[in-house]
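Enquirer: Below is the structure I would like to discuss, written out as structure tokens.
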Ligand code: M6R
């Protein structure tokens, strides 16, 4: 969602802001803008659409200064027009504000300001913050302290004031903000990808923090105006990992990074002798683990699919009943949670608003709380006392790929950790550990499918408006994930189903040439799925199968088969999803679509 960047330093600010916004593009946006503190007034540039439009404006209407703020907006209140783009200003043009989030008391504040005679220029909730700040007195930080009690909802705000040309002020309640501490310069951004190339020293703002940022100083205040301190963290991510590195798209690069991402995640949690997992009880005490009766997995989107696979893994390996919920549903129902439940929030970004709210709720109910997360220092990371870090590195493509496969690996690691802490470990564990160690090579083989085969697959899917993805057992969630990948980046409708459900409705869709993508499981489920495919074929469907190398019988029912290596059944989802990611990628490229930044989607969904 919206990207925020702010800078105070020795450099001309416009290129710094544009560069920061480029690095934040992946979050998803539909307009962009910047404010530069000049000599007489705040210079504002805004443009609807892609960043290139703002760059054009910056070229034709140059602004100069060393302090400024920039924003990419993902529309919530008001259409994605230039007037609604950020920064928004107060009526006097003295205060400029960029904002990520939603003000829930927008209607009331708007009426109050209109009744007070303020002429609003936009439909945004952000302008209300600028107007409120403009009507207060004192320094910008003092104004923020005065306005904060009037703001309800989630916000990350960065503001500047013409009267203080060397200061940027940032404050948050919900969406993240991180300060980058540089040499003779300081920055603030909505995530670290915009800072990495300038500094590795960062301070994460907590909810309620107000940061007064100068070129050579950072002052942090709490909501009562008292000075506070926050730890300085050092980023371990390499700036080169947020570049495309010769690949045409981030998504393709990230798909091919999966062997390394998996290798790093497995290595991080194997014990020294590499015989077991170094995750004993996830850091919970013996008493807490003895009490443990159930597991709840909460997540959104692709991470939710990882949880569905996790249910199979955790139930089979730990015997603990495991429920999977969409975080957006969990937070509004009354789940039975107490100190005998382990709640795991699974989130690539660690910033998904619904997942964070569900985790918070579980914590308040006394559950053991853990997170599987890809971003160290993120909100989920800081909320959960137990953290399992997937080592996928920065994921820039909106469509999640390497984060997903490392989440699948994390599920197995967690199960092994719980088994060892609960005294359940036996030869299965050694088998899985060795399977995990061989997994990167298996994924490499899954990546080696010939492009010509993908060309045939692309032909089958790209010409159709709908398709059905079928799977069974532990590979059923992979059918859901394959369908989601296709939908997200190619805008073609795809429906994932457990194959056994086909006869209960979706079979009505089938007709000559209708594409059915079959994710072929092993074991007894294989023949059952093949029978379902026969039924699909009998109705003229075109069948594209993803199957392991042993599944010879698939050749009789599939028009095209993408082969993956056969691995341990609990690891099979990891290799099986790879050709489905590539297939979605090739279809989107064939259709000429924006693979890395699909329309309407945001990488990090920081509002509910
Ligand atoms: O950062 P998270 O894992 O919490 O994000 C959850 C979903 O928003 C995310 O997986 C989304 O579905 C992706 N676009 C999938 O490719």
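Every residue gets a Cβ built from N, Cα and C, even glycine.
Annotations in TrEMBL come from automatic prediction, not curation.
Straight from TrEMBL, here's the annotation block:
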DOMAIN    2-216  domain 'Glutamine amidotransferase type-2'
ACT_SITE  2  active site, nucleophile
DOMAIN    285-424  domain 'SIS'
DOMAIN    457-598  domain 'SIS'
ACT_SITE  603  active site, for Fru-6P isomerization activity
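Looking at the shown structure, can you explain where the listed features end up?
Expert: For residue 2 (active site, nucleophile), the Cβ neighbour count at a 10 Å cut-off comes to 29, with all displayed protein chains included.
Confidence across the domain 'SIS' (457-598), taken as the mean pLDDT and rounded to a whole number, stands at 94.
Less than 8 angstroms from the CB of residue 603 (active site, for Fru-6P isomerization activity) sit 1, 26, 27, 28, 349, 395, 396, 398, each of them six or more residues away in the same chain.
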Enquirer: DSSP-wise, what's the residue breakdown of the domain 'SIS' (457-598) into helix, strand and coil?
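Expert: Counting residues by DSSP class gives 73 helix, 29 strand, 40 coil.
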